[in-house]
Each structure stands twice: as structure tokens, then as C-alpha cells.
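Annotated in TrEMBL:
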- 29-144: domain 'BAH' (DOMAIN)
- 146-197: domain 'PHD-type' (DOMAIN)
- 201-224: region 'Disordered' (REGION)
Amino acid sequence: MAKTRPGIITKTKTGKRDLDSYTIRGTNKLVRAGDCVLMRPSDTGKPPYVARIEKIESDARSNVKVRVRWYYRPEESLGGRRQFHGAKELFLSDHYDVQSAHTIEGKCIVHSFKNYTKLENVGAEDYYCRFEYKAATGGFTPDRVAVYCKCEMPYNPDDLMVQCEGCKDWYHPACVGMTIEEAKKLEHFVCSECSLDDDIKRSQNGFPSSPVADAKVESKRRKR
């Protein structure tokens, strides 16, 4: 990805003044510094860019510009999209730019990974971020995350997983020889290794929504 997004205005002029807010063109929605927004790409075939507003300012001709910090989608990173990357996953990059405020199409919310996994329903404006990304080097912070299942992959909140009542690890249904439909009907699950122990105490409690939560099998996928 280029260091400057297509269609971005980067020139600065004197006579600028800071603004507390900006009303998105054609709407009554206000955006302020700290808000996350969707910005129109130069290629109409691409999804909108996602950015966090750092500053809003107006020049002597009342042209409003915003200084933004870009979020990258996995496919925009040097490593590309991987299996554990969710459909709504973003990386907060170290790539800053100044762009015309007129390119803002709407507001969105970039949740923490933990908060995103707790959402009952995921809307079109909901995204999440668990990594910061260095655009020049392709490096991530943190550079390691917890892995689950036999496949030893990080958690993808789009995928249903089941938790073993013995070892407490989480598994993809396909990795333990089940279909998603079968997994949804489970009341209890014990992995093949733990099933050898006849003394496992089976909890009668309900199941949690994900490995991030504190307790067992997600019974339905989150709506979009």
C-alpha cells in the first residue's frame, strides 16, 4: 500500500484554525477528534477506508480538513489476510494523513477485541482492532497472541468454537470431526484426550460466547 492513500490532500496552508467538530456532508452527524470514520476511496469498487480523526481544522477559505490515523484491513497489510483474521478486523497503523473532510462518508465504531466478542449483534458500523501495525515494516504489536485448538490458530470471532470441559481449550468443530450444526446442539463437549479420563466433572452451567469470555459453547453465530 502506498504511504498516501489515493485522493488524499496533504498540502498545508497558513491561516488554519482548529474546529471542535464537523458535520458530515448530507447528514446531521457530527464527528470530533477521537471518532472513527468511513472515508471514500478513490476506487469506487473498494470498501471505504477506516480512520481515526486526530484533528479537525479549517483554512482561510473555510475548507475543512482532517488529520487522520489510518486503520488497515488485513488484506492491505504486508502479510495479507490470514485464516484467523475476522471479516471486521482492522489494524491501527502508524500511517497518518491529512484529507478533505468532504471525503468522510459516515461514522463507525472500532471496538477492542474483547468488547467486540461480547456484542450480541454486529452492525455494519462495528469493527474491532487487536493489533497495531507498522506500515513500513509490516510489524505488529503485540507480536504474539493466544492460540487455540489442534490447529493452534488465534481466535477468529466469526468462527464458532467449542470448549472442552476437561482441558478448557477451545476447538473448531471441523478440527474435532464435527459439523457446525452438530456443535450448535452440544450441551457438553470433551475432547478426545480428556475423554480418556472417566472422572471429569461436567459443569451444569451455560456456555459462553467465545474464548475471550469466562465460561462454554457458542449456541449461535453473531448476526451481521
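In case you wondered, yes, glycine gets a Cβ from its N, Cα and C as well.
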Secondary structure tally of the domain 'BAH' (29-144) (DSSP, helix then strand then coil): 11 helix, 57 strand, 48 coil
Rounded mean pLDDT for the residues that make up the domain 'BAH' (29-144): 94
DSSP-derived helix, strand and coil totals, residue by residue, for the domain 'PHD-type' (146-197): 12 helix, 6 strand, 34 coil
